[in-house]
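Visitor: So TrEMBL has the following annotated:
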type	residues	note
ACT_SITE	K102	active site, proton donor
BINDING	K66, K90, S328	substrate binding site
BINDING	T185, N216	NAD(+) binding site
SITE	D142	site 'Important for catalysis'
Amino acid sequence: MNALAATSRNFKQAAKLLGLDSKLEKSLLIPFREIKVECTIPKDDGTLASYVGFRVQHDNARGPMKGGIRYHHEVDPDEVNALAQLMTWKTAVANIPYGGAKGGIGCSPGDLSISELERLTRVFTQKIHDLIGIHTDVPAPDMGTNAQTMAWILDEYSKFHGYSPAVVTGKPVDLGGSLGRDAATGRGVLFATEALLAEHGKGIAGQRFVIQGFGNVGSWAAQLITEAGGKVIAISDVTGAVKNSNGIDIAKLMKHSAENRGIKGFDGGDAVDPTSLLTEECDVLIPAALGGVINNGEMHMFVVQILAKKGVLILPDILANSGGVTVSYFEWVQNIQGFMWDEEKVNRELKTYMTRAFRDTKEMCRSHHCDLRMGAFTLGVNRVARATVLRGWEA
Ligand SMILES: NC(=O)C1=CN([C@@H]2O[C@H](COP(=O)(O)OP(=O)(O)OC[C@H]3O[C@@H](n4cnc5c(N)ncnc54)[C@H](O)[C@@H]3O)[C@@H](O)[C@H]2O)C=CC1
Ligand SMILES: O=C(O)CCC(=O)C(=O)O
């Protein structure tokens, strides 16, 4: 099942549970706008190269559309469409005043030089600058992009519209980025996990964690979980996987990974097959690599069957990873107010938002007799549907 089919299936199930009007249901699935642009740039060797860029703006009933821009060779319109739709439900679950969007360029960022990446980002921005904006659509980093990418977008956009720091989030702090944004998604994963464990009378301390992916989200989650007393016993990335039942030394792994561009060769545990990681014995499994690892075909059936048999609870991604977009919202608010928060305030507010999103999700589980995934979807879809109706969608 592809990403769009899986996302739409969850939406339809939520719409049914909520008893949504069929016309409203249909209209909520249709994206507001789908943009596709050719981005042609001179390469460093003087040849020309062309890349396809996408921005799907799914829904703006609750506010400006919001979502990351990813650079990845597998970016395709269906996937971007699904991710844009997920952003709509995610911002509603987090109860931040945004709709949903997502973008991407089909390229392998690792094969491009910094100046090629800059040229590509500037050309992409030139092509979409009239369709994004502080109160229209606010991009952010995603896989393969980072704070520097946002700085280039901000600079290029500002050439057309005047200096506009709030047009992107996830910027460098020197350009109005928020303190705490870098760690926000990993920290949000920690807070959401804490809220779930607390329901069962447990805390992070003493639990065994397995983490798939050691990039921004996985590495911050690993550091913060370790600080909170949790034991990270296995981690993988695209280069390999390591296991140590006494707990992996995360600071040492961070250093190794930075110096060797990955986990492979780390001597602080046993090297294991990365595919065995998802079924490793543990208390909490955090998938923080590519999307769809537990949603795709056979792997999905295999993992879900094993997890269900073991009575495992699944914290849905639109709740668990909403910390990133929540702190993006704080960044946007700070830019608009022209007032910078200290990091303690950012983290404190993030905890409040994550804990509230978990509590509201549980309330939907209780009122609609469903699991956490459907609890989050019904919560998000219901908030967007209410806003849509209030704005007079049939007019
Ligand atoms: N960074 C953010 O603020 C947010 C990220 N996410 C999602 O979280 C996930 C991770 O994002 P980031 O950490 O930002 O990306 P990243 O690019 O920094 O890290 C991705 C990690 O996954 C690893 N990886 C890739 N393929 C793998 C495989 N087959 N097996 C094991 N590891 C593999 C990579 O080696 C890398 O360590 C993505 O799905 C992203 O869309 C969601 C919300 C916000
Ligand atoms: O920080 C943001 O605005 C976007 C984050 C994002 O793309 C995501 O949550 O998947």
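All residue numbers here begin at 1 and follow the chain in the order shown.
Placed from the backbone N, Cα and C atoms, the Cβ positions cover glycine too.
Given the structure is predicted, the values throughout are model-derived calculations rather than measurements.
I'm curious about the neighbourhood of these features; can you describe it?
Guide: DSSP assigns K102 (active site, proton donor) to a strand segment in the three-state reduction.
The C-beta environment of S328 (substrate binding site), restricted to residues of the same chain at least 6 apart in sequence and closer than 8 Å, consists of K66, V138, A140, T169, G170, S178, R181, A184.
In the three-state DSSP scheme, T185 (NAD(+) binding site) is classed as helix.
Sequence-distant neighbours of D142 (site 'Important for catalysis') (same chain, 6+ apart, CB under 8 A from its CB) are G67, G68, I69, R70, K102, G104.
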Visitor: Going through the recorded positions K90, K102, T185, N216 in sequence order, which have a CB under 6 Å from an atom of ligand 1?
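Guide: Those recorded positions that pass the cut-off, since their Cβ is under 6 Å from ligand 1, are T185, N216.
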Visitor: Give me the Cα-Cα distance between T185 (NAD(+) binding site) and K90 (substrate binding site), rounded to a whole Å.
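Guide: Spelling it out, the Cα of T185 (NAD(+) binding site) and the Cα of K90 (substrate binding site) are 13 Å apart.
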Visitor: Consider only the recorded positions K66, D142, T185, N216, S328: which of them have a Cβ under 6 Å from an atom of ligand 2? Write none if no residue does.
Guide: K66, D142, S328
Visitor: Rounded to an integer, what is the Cα-Cα distance in Å between K90 (substrate binding site) and N216 (NAD(+) binding site)?
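Guide: So the alpha carbons of K90 (substrate binding site) and N216 (NAD(+) binding site) sit roughly 19 Å from each other.
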Visitor: Please identify which of T185, N216 has the densest Cβ environment, defined as other Cβ atoms within 10 Å, among these binding-site residues.
Guide: T185
